[in-house]
Each structure stands twice: as C-alpha cells, then as structure tokens.
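What follows is a set of notes on a single structure, which appears directly below.
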C-alpha cells in the first residue's frame, strides 16, 4: 500500500511517484492550497494538494488531525525560501495527486505536540495515542535495536536462547512473589519468577554451556520511583568460565552496543572493590562522572571535644567523612539548608560545613558554624587532608557508617547534578569483591546477592569468618546506575551447605525450598557463573529517557495498575470457585 | 578453560594440544589404558590416558560417569582399525596428559543412553540429567537457531520487537485465564495473556507499522495430548498490508527457515478455501502428504432404501462420503474393526466398507456387509465415482457433516500413517476463506477466529446474512498441523459494532470487555492484520520430535505441574492475607 515511508523521502526522490500511508499530523490551508504533514513511524513529509486535483483536493480539505490516509503524488523540491532545515524531509514535498481516507479520527484526547499539557494518567489511558509521538516511537524503536544487537552478539558468541517457565515456584530473591492459583491442584499456587536464576543454573548442570534469555521477571513490591511489577532482564549464564572471562565478554557486549548504536566509545571499564566504592563514594554504584569524593577524617576527629564528631569517630561502626566541593563556597545559606533537609531522608541529623574564603589567613579565613568546637590545628589538618582551596566548601558527615555513606553519597549525586559537575558523559565501572553477607538486623547474616553466589575462599574459611568473606560477585555500574550484576555460582555441595549454615537455613528448609538444585549439584554440576542486566534501565540510559515508563510500551502505574485496560479487574465467583479460592473482604466489611 | 568443544575435533586438529571440559560419558579400562568418552554440548571425544601420566592416570581411573573434568592432551589419529565412522570425531582421539576433576557425580537416576528404561515422570523430575542427552541438546539448540533465524528475517523486514504485558486483563480468546490476585487492588485480579492480540492491535493504532514478538501465552485448559499451560507464539502484526502481502511475507519466512536450517525447499504454498478443505479432507488443516480424499456420494445415496445412508443424504446438515484406499483390500477384518473403534471417538456409529476384488465381475467381484442393502447400479455408480480398482477398499461415512468430516478425516490420517501412504515429506498450504461465524450450539453464532477478524463483505451484507459471511482469515498448515493463523482485523468502528451485534454481545458488555480497543478504533486506526505461529509446534515438526515437551526446556506434565520444582506449591497464610484471598477447602473438608 506504500512505496516509501514518509521519513525516508529526500532530494534523491525528486520527480519520483510515491505512495505514502500515515496519519495527518497537521493540516494547513494556505492561499487556497492544502498542506498536510503526513506522519508515519519513520518521520513526517509535507504533502501539497492543489485545487485542480478535484475530489482529492476536496478530501484533503476534509481531513482532520490523526485521520489515516493514503496519498499518491510526485516528489518535488520545495520552492526556494520554504526549505525547512530542521526537518529530515525538509528539502522536498510531495505534490499530491490522489488521496484516500483510510479511516477518520475523533479529536484525540490530547494533541501529540501538547502532550505535556495533560497528566501522565491521561497519556497512559490513551497510551496508543501517546505512543504516536515521534520521541516515543524512537525510544521503542531504539529498544528493539538494542535487543537485536544484544541477541546478535550473544548468538555469535555461541549463547543459546532458551526459554524458562513463567509459571513456576517461588525463587530465592526474597522479594514478594506474584502468585497464580492452580485450578488442577487445589490450594496450590504457582509463582511468577523474580528471575530465571535457578533454571539458568540447571541449564548449566544440563550442559548447555552458554545460555541467554531476554526474560520477563516479576516482583510484587511497593513501587518506588522507577520500578515496574514486570521488568525485563538480559539473563546470561556460562559454564567453564571464570569471573574475568564473564566480565570481559559482557563488557564487550555493552561497549559494542554503545559504539554501534550511539557512536560512543566507553573504553575499558575500571574495577573497584566494594569497600573502596563505599569509602570514596558512599555507594556500591558510584557515579564516576562526578569528581567529588568522600575523605575519611575519623583519626582527626577522635580527639576533638565535640560529641557529634568524636562519638562516631571512636565507634567501630561509625564514620566521619568530609566531602569537598570545589567552588562550593558560593552556596547560599538557603541552599545549604536545603541540602541538610535532603540528606535527612537518609537519616543524617545535620550537615556540618566549612566555607574556605581565604585559606592563607588560617582559621580567620574560614566560615563555619562548627570550627569553634575544634582546635585550630585540627581544622587546618582537615583543610590539608581534603586539599581545600579558596572558594571551596567542605561538608562533613558523622554518624554510623551506613548513614554517613548514604547521606554524603546522595549529597554527592545531588551536588553533581545541581552544580553540573559532570566531567564526562558516560562513566562505566565494575564493582567487585563484595562481602558475602551483610547483617540482617536481627543478629544474623543475609546474602548480599543470593545464597548461590560463590565465595572467594574455602568452605572452612567461610565457616570460620563469614563476616570477612568476599564473594565472586560483580556489578556493572554506569553513571551511578547498576546496569547488571552477577557472580560465579557455587557448584560444590559442601560449599553450598556451608553457606546455608552461615545463613541459618536448616537442611530441611533448604531441601524444601531448593531441593532440586541441591540434587542437581550432586549429579555433575560444572563450574559456572553468569550475570543479568536490567534491560529497561539500559534502554532508559541509552535513550536519555527520564523514566523506565517511557521505554516500556504498556507500563503500569505506581499503584501497579494499567489505566488503559483497567487491569487488574474483578472476576466472577465461578472463576474463583474453579480456582478454589474466595475473596477476603476488606475495609471493615464483614468477612 | 577450554580450547575447543569436544565435538569440534577432527583430523585437522591432529598434533595440536587441546584443553577440553565436559562430562564423562563412558569410562573403559582396556589393556591397562583408560578410555574416557568426554561429552560436551557439541559432541563426544575419546580421550586415552596411559599409565605413564602418573597422578592423571590415577584420576582418570577414579572418575565415573557424569563426573565433570578438564583434560589437556594432544590430538592424534586413531590407530588403524579403531576408527569409528559413526562418530563425528571418530577419526581422532586425544592422548591425555593432564586431568582435573572439576566435580564428582553421584550415580545418576538413569543412564543417558538408557533413558527409555525409565518413565517420563523420572526424566522430568531429573530434567537437568535428561537434557544432557545429545538428542535433547540438539533439539533445544535447533530451537534457538529457529528463533534466531526468525528474528533476523523479521528485523531485516523492518519489524520491531516490542514487549507486551504479562500481567494484564482477560483477553478475548475465550479459553480459561490464569489469574493473579492483586495485592494493591484488593479483590482484583490480573490475567495472564492468552495472546498479545489486543496489545498488538493497539501497537498498530500507535503507528509502529510492523510489530513482532516471540511471546509467552497462557491457557488454563485441561491439557490434551500435546498442550502446555504456557506456550510460545511468534506474534506478528502489520499495518497497511493486505492478506496477500502478509501471507507472502510469512510464507517466505517459513520457507527460508526450512531452506536454511533443513535444506528443504517447500516451494510455493497452495491456497485452499475452508469449504474445499472440509469437503476433500474433512479437516480445516488437511495433511496433503496423504493422497486420500473424501468423495461426496449424497446424491447417489438419497434414493437408497437404507436408512443409515438415505437419512444423512437427505438431511441438509448431513453428509455421506466415501474414502477410497488404493490397495486397501488387503486390510484384515480385525484391522477394519480397529478402525471402526478408532473413529467412534469422533462420534461415528459404524464404518461401512466395500472391498474391490475383481471389478470386471461387477457386484460379484465386491465384498462388503452393506451392498446387499443397495441396488446394483448404485453400487457400481459408487465404484465409478471413487475410481475404484481391483485391490482397493472404499470406506463410507454417513452422519451429520460434522461427524463424517471428523471421523473420515481422522481415519484418513490414521490410514496414511499405518499404511505409510505419504507422497512427500513436507506438505504446506494456506487455508483461506473461513466462515466468519459458526453455530455456538445454543442457537447463536460464535466467531470462528476472534471477534476482531474482518469479514470480506460490507457491514450491511454481514448483518443480513452472517452465516454466509466469509472472513479475511488465513491459516498456515503443514503436514496436518496448524502452524499459524491470522487475519486482517476490523479497523472500522461500524464494522466492529456489527460483528458484536451478530455475536449477541451487548454494547455494554463490549465496552466493559474491550472498551479501550473500541476507543482506539475511533482515534485513527489504520488498516491492519497479522498472524501468530505456534513456536513449540514449529520446532517439534522441524526437529521430528514426538511431543512439544521434547522441545521445551522445562515443560509441565499433563496435570499442569512441574515435577522437578514441585510447582505449584503451598503458600503461607500470611501471603494469602496480603492478597486478600482465602482458600476454599476441597474434597469434603469443611469450608
């Protein structure tokens, strides 16, 4: 029905007869002539209908925005002075000869170029209209190009695309599962997978050697800013490869993607141990575009007669750190107050600061509400430690290490954004050497990743000193986002049992939950490992979208609903009976 | 960790040092030397350890079946007389120098080459062992190659891979939905999609023009022989293309697949109207490899004084048909009795037959329990009608058209298989010109496909004579299997309303169920259509598998359960409370 897409046309098509199909983006009547901007997924072309085309002119006169039409005509150069350099097809126009109205359109709920005048709820309700916007078309098209490039890379490297089940059993990630009542097995439930973790490990036990899947995953969590109940993971697992090889192979995949699709060379990704990332950036996913760093000053603060500082400085779980911002002395009191408020979200009870006006005047050249509590030599040692210069500001955090890291870590990101401190556009890195466990808050330990992550020590060392054990896990971080993470897995039964023991998981519980995996470990499990990337986030970063909702065709709202289809919805009592369940009444109604 | 896959080795590698990783497939001790058959996903290589390798020989001596090992050695030609021409690597062997045991293995629940000695339930419970079998490896690998080739074809043809939601609203296919209780919207449920039908149509309304997705679909049906609760669909939709273009494009896709992966040229697919398929083959998915055809004999039987025949022959909903089997006179009475029993599954109350012994002897040359009820001239006219010759058998079906088509249609397939009548290996075709509606058994009409299928007539004609209306639907059939089906969709609101009216769907009900689609039709919906292929079935046909369970990594059993993970399973009452549901007690327990 068409010879070209609208957006494909350019001056090489001049004098060609073309047939276009698309939507009327704009219609103008100018000097007795009808101008139609015709839009399809490739772009917009201008079509001109002169009155001498008779019925076709009449129809062109009649069409309105979002009508679907087919146009036949001849491409010609635009008259001098009407060339539009901002438009890819701006050098040409189509002199229309025939116009067929394929479908009419009621006035849409919002104009495409005025989409910001309506709330996101309206755009989500009429998602099929919102998706017509060229930006949305480009984002989803780019997503398709990303998955295609990833598949092609993995296919070429011998990875097999293998599907794992959606109707399955609870997985070990620990978030809340979506459940599906079984009709044939009364009072039993399937769980939707939080990831294909166990299945991909079983595929390694099966000898598939290299597996990948672009897999839907599900978590029934209260949605924070940028989460979705269902999300998509680029899931990879290999046998007989160590962490270096896996990191190398996936780094080349991501670098290749940026190179081929964005013409960006990411270079070689630096490696940073988890501890260093926490010390220097207060985060396990540091945004290295921002040149600010946390500097430890515990030793200087230990002797200070100021409880806010010397308490955390002398506490083994405490931390006192400084964050110097070059040129930050210009921040107003109001701005500093706002930052103080901002970091209170992360538990900080205040934000101490020193402005450096004239450093060669010594303490007199500094401005700060806290220096009066400290000996001069300590203050000057602090200045030296952070390398302060005139015009800088130095912030301080003093609390538990957790609170200091979170608050100064986030302050660092906020300052980077507010003051536009970015030194580059893209800053990838690998974070490695994670601890195996973290405290679970109840005196026990919990896996930092998941209980199948291999430690970099022997089972005996692990049992003796689990708090110190490091894992063979690795996270790929880009611009402060965790793009992906993975690990070498445990392939040895004794090691797996030791980990369960450290976690306080009884044999019986382990058998009940992961019996099939434990079985599998004893029947010839190869050394293996892998990694999973969050596709939605990757596409968001690469397209510069503000939210993952912009790169998902039909996303859910923050309350995990689809306003377009009105899902979830009610079901009949016959359906419930078949599923052997009944509703529990809520909100004070009788049960 | 490896230099080559085991299966890659051949005589070009002679004298090379190689490192292999894999599973011990077999271990033999022969003349003081240890032979290991080492297996990985690419194949099996023979490794020889001489006693002079010391500790490595000791370890080679110690390993057992399914141990995971790494072997270093040198490739050499096998000594004369020991070359194994049945084995791809049979010309060479590896002289082992080092052996590392990467993991031991308990005795597996069954030996890979004795998998048929255990039931399918055992193989499914230890699926990760069963998947090690070379046939299973090859099937899933072939599946990955199929999806890769399909994606590459569709990418090249400008199709965009767009994901649609899994947590969604009930879809219009009419099978039973899997439901997911919502935690955040009490007493509301998501449905898992039976297909992305509505979403792909909305993507066309959104202007994406060409969409595809290899999509998981879900149906909670009682599982017949070869169904799965979750299955995979190659889902395609396009705008501004008519049925010829869509059929052409997808036919080229499937032909290309057979050509590139199986070296089979399918040729151009014949088109057959639905009615012709039912008349000649008693099926809307005829297996054209079998040269048997149903022949109408109603006119001959109308006057016969034999109620079994003249009843259906005179009933407008009845049918009397003959099926001639060349050379079938050799069938024994026992075999004919078995066929009679077989077609009783499809409602047939008997199976009349005439054996042709010596046709030139007239009625005397025939053998049959029924000819005594019929005039000689009718019998001879029947023989002429079906073109009977000596040695043939002619079967008859007389009942409602439905029963005759189903029973003779299935008899035709059974005879084709039993007597190996196939005239070719692959017989594809398109079935077209389906009726829009069929009787729903309650005096009303129901859609043969789904209510969004466009008819090939105007809304007025449709309303006047819905029983006669044909649709713009098309099914691709291969060897008697429906590989895929699709249609041009309705893009016009008036037409859609007419279809709902014919189906007896009230405006309110239509709005409730498909309101968002009806809305979408009025905001500039382009002409569009598409098609969906069943991937599991396609892979099954192309790999010669006996069941779709063989081409799915982790399939469910016939009772919709996974015996490996023991899904579905029980959940805690806390989880149920969060989901606002409670269990309904079953099997006589108090509720």
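Using the three backbone atoms N, Cα and C, a Cβ is placed for every residue, glycine included.
Keep in mind that TrEMBL annotations are predicted by a computer and have not been checked by a curator.
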Further ATP ligand in TrEMBL, beside A:219, A:220, A:221, A:228, A:534, A:535, A:536, A:537, within candidate set A:163, A:276, A:293, A:482: A:482
Of the residue ranges A:189-192, A:193-196, A:197-200, the one that TrEMBL records as region 'Aspartate': A:197-200
Intrachain residues whose Cβ lies under 8 Å of the region 'Aspartate' (A:197-200), provided they are six or more past its termini: 164-165, 168, 171-173, 211, 213, 235, 237, 450, 452, 514, 516-517, 530
Among A:30, A:219, the most crowded of the recorded positions [Cβ within 10 Å]: A:219
ATP site span - longest C-alpha distance across A:219, A:220, A:221, A:228, A:482, A:534, A:535, A:536, A:537, in Å: 20
Cα-to-Cα gap, residue A:449 (L-aspartate binding site) vs residue A:482 (ATP binding site), nearest whole Å: 13
Other CB atoms within 10 A, centred on residue A:221 (ATP binding site): 14
Coarse DSSP state, helix versus strand versus coil, of residue A:219 (L-aspartate binding site): coil
Residues satisfying Cβ distance under 8 Å from residue A:489 (L-aspartate binding site), sequence separation of at least 6: A:201, A:204, A:452, A:453, A:454, A:528, A:529, A:530
Cβ neighbours of residue A:81 (site 'Important for tRNA non-discrimination') where a neighbour is any other Cβ within 10 Å: 5
Residue from A:30, A:81, A:219 whose C-alpha is spatially nearest that of residue A:482 (ATP binding site), among the recorded positions: A:219
